[in-house]
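*Asks:* Please see the structure below; I have some questions.
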Amino acid sequence: MDIKNAFLQHFERLNHVRVPSSSLVPDDSSLLFTNAGMVQFKDIFLGKVAPFTPRATSAQLCMRAGGKHNDLENVGYTNRHHTLFEMLGNFSFFDYFKEEAIAYAYDFVHKTLGFQNKDIYISVHEKDTQAYKLWQKFVPESHIKTMGDKDNFWQMADTGPCGYCSEIYIDQGAQAFHSEQDYFGGEGDRFLEIWNLVFMQYDRSKEGVLTPLSQPCIDTGMGLERVQALLEGVQNNFDSSLFKPLMACIEEVFDLPYSAHKESFRVLADHARSVVFLLAMGVYFDNTGRGYVLRRILRRALRHGYLLEHAKGRELSEPFFYKILGSVCASMRDYSILQEQQESLQAECKAEEELFLNTLEKGMHLFESALAESNEIFSGAVAFKLYDTYGFPLDLTMDMLRDKGIEVDLAGYEACMQEQRARSQFKQSGAKDSLKTLDLSKLEPNAFEGYHHESLKASIRALYAPDDQGALVSVQSAAQNTKAYVVLDKTPFYPQGGGPIGDKGVLLDLTHNPIAHVLDTQKVGAINISLVEFKREGRVGDGVIAQVIDRAEIAKHHSATHLLHLALREVLGRAAQAEGKNAQIQQKGSHIETTRLRFDFSFYRALSDAEIEAVEEFVNTQISMGASTNIEHMGAEAAKQSGAVMLFEDKYLEEVRVVRIAGSLEACGGVHVSDSAHIGGFAITKSSSVSAGVRRIEAVCGKTYYQFIAQERATLRQARQKLKTSDLLKALDTKAQSATPKPNCAHLVQWHSIRNKQLALLHAQKEHLKEFLALIDTHKKQQKDLVALFLYPNLQKQGLELSLKSVGSEDMLALLTRLKSQLDTLGYGHKGGGKRDYVSLLIQKQGGALTPEEIDHLVQTLKQSTLDFMAG
């Protein structure tokens, strides 16, 4: 049975709109990964956006690895744990409630899945008398058990929407289960929970008070892999038909039987699914955040590949895991994102495999050698060396020790980690981390006077230089050609913070001869401290002239960053609203230098060329206003009330410095131009993705802007000269057309036979239409009854175009009427018509563009409807 489609179709018949799975990377900073079907509807549940439909159903990809919900270490050892799984769910947004939810669920479990009442058991909350009575209509009262908050109360967070829940269990029978815990409500496996129905009916306050919601909701979740195994009568999810193609692939890769190496096969199968979907959804291998979880999953899988190779007496020397990713792409065809990117996904995985395989064998030899000397505790120093030298995450080492009953000496591991941090503190000409260890509490705060003075007289109050171990210590003098940190009694140098790099400059003696170059400026507590390189000896107490260099260009780029932030909120805010998205454009980071700026912000997609041009135009309009920069000090609350953008609010003091530049208003302590016109001009040089949901803009202004424009003009001039034309676009079009081969679509056409008729289906680009229709004409003589269905994306109208041509008896107008009716049921807009043998139709979604998943679903739906019509 195709459980997933049976579930979705069951709820479609009950007027639910089928919604595609959202990304594993949620638009929610509180979550590492999407871990439940309700995540994409969270803003509806919270009342932030209006529901697009009163009823929805979905098959949601979920990830439970890393973060609060982490099943990674259990995969392979238990019957049911996965890092990636599909959650089937139905949702009611202020429409039906408990009575219908319970009836719909029972109907599917009993009639569709075929479970009998004697095997169906129910848990409800001990205070939910309504659910208890409703379930009595369907199952014996002896099969209903009341439980407390731990098992049958669900909440999204500490405050907000929450409610009782009811879980459906299936009795797998006593014959295979003999534990004392194998009773309903026990910890055994006999009674298997398959479906959780959440009745969201309360709002929890900070004080814990539950207030009934005026419009309650329904949120349910059923694990596909669990139900598939249950229906097929197997006790382990990995033994079901869902995983058979993967197990066959792994058997072929290693030439070993699944039956003899079940744990490792199950780990590889599970982790292959996780890795390929995370890569497909924009997560990349990294040492932090989601990327580090991805790396941990892959390296855990590679260790099991090592075990399988060694089971045959061989070393693991070649990448293998990327091959299993290919099997996932082939077996999970519902997700076209995998097929579209398969080649690049496998290449990315293979490259990461090669990186770890260089050290895996050596690391395993070290591990096994240390293991032989371990009793109950594994050396923390060895665990650290495995991590630091061979790339073994600590949890991988702990996983390898799991079945041996040995624990890692975590205190020893952490001590090695701290020692390494200390050794590296003063590297890379800054040693910024080492500043955190400095105790400057005995020093009086030194005044920053750089807002009004870029050069001033000061004295050296303190010096700090590295000792033999790299730790910073107080010194009285610093020798020529050495680096040290300097604290002046007052300073014109602005410290790094809020995006701009720390000020650079020079220290001169009182006769204006150079003493040191200022390389960087930081702030530790209330102390401004500068990293300098002495050109001659410097001593505590020396009088100096401190002079800032390149402040003007940093100020231009800093002020331009404020205007860019404003422009993005304006331009992309309007775009998101038009697409029906509730997107908040929030700063995620910035870096400002003398020659460029980089700005990271939250947004759910790439910027179009038109949007980039609109942002540039907006900023340059603000610059051209020539508005004076206004700076005002006010209380934090007053700043909020004024509408000032306040980043990292928890770090603000009671009084903040609010900077107004043209139309921008932000709380900021940095240096800025005195007039927006001083920025000169602004150009975006690059737009890219940092990670899923985070975009990056790189831009220039001031001197660099004019250099950039001059370079662009020079490039265009050279291009015109090489192409020998003044009309560059026309020449490029001519060249592109002559170089582009004519499309050949014959190999892309899908042919389907039904009752001596044929359907030719092509889902491609618009330029293939003419060739496709010509191809159909060549089949007229061979096939008297033929229908041609052509589908292609209409990017301008953000929809899907459909063309239907009949060769023979089929009436395309009648078919079009049927398709329109079905599209109405699915909630899609449409416009089109034609004649008996040829029709066309544009399909659109209200409030935005069709997603790739929605397009795939439409293609399959339209194909099936056409076949049903032809079978008629």
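Backbone N, Cα and C atoms are what each Cβ position is placed from, and that goes for glycine too.
TrEMBL lists these features:
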type: BINDING; residues: HIS558, HIS562, CYS668, HIS672; note: Zn(2+) binding site
type: DOMAIN; residues: 1-711; note: domain 'Alanyl-transfer RNA synthetases family profile'
*Asks:* Where does HIS672 (Zn(2+) binding site) sit in DSSP terms: helix, strand, or coil?
*Replies:* coil
*Asks:* Would you list, in sequence order, the residues of this chain other than HIS558, HIS562, CYS668, HIS672 that have their CB within 8 A of the centroid of the site's CB atoms, where the site is the one recorded for Zn(2+)?
*Replies:* ALA555, SER559, THR561, VAL659, ILE661, GLU666, GLY670, VAL671
*Asks:* In sequence order, which residues at least six apart in the same chain have a CB under 8 Å from the CB of HIS558 (Zn(2+) binding site)?
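*Replies:* Once residues fewer than 6 apart are set aside, HIS558 (Zn(2+) binding site) is near GLY499, PRO500, ILE592, LEU597, GLY670, VAL671, HIS672.
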*Asks:* Taking only the residues in the domain 'Alanyl-transfer RNA synthetases family profile' (1-711), give me the average pLDDT of this model.
*Replies:* 86
*Asks:* Based on Cβ atoms within 10 Å, give me the single least packed residue among the binding-site residues HIS562, HIS672.
*Replies:* HIS672
*Asks:* With every protein chain in view, how many other Cβ atoms are within 10 Å of the Cβ of CYS668 (Zn(2+) binding site)?
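*Replies:* Here the count is 26.
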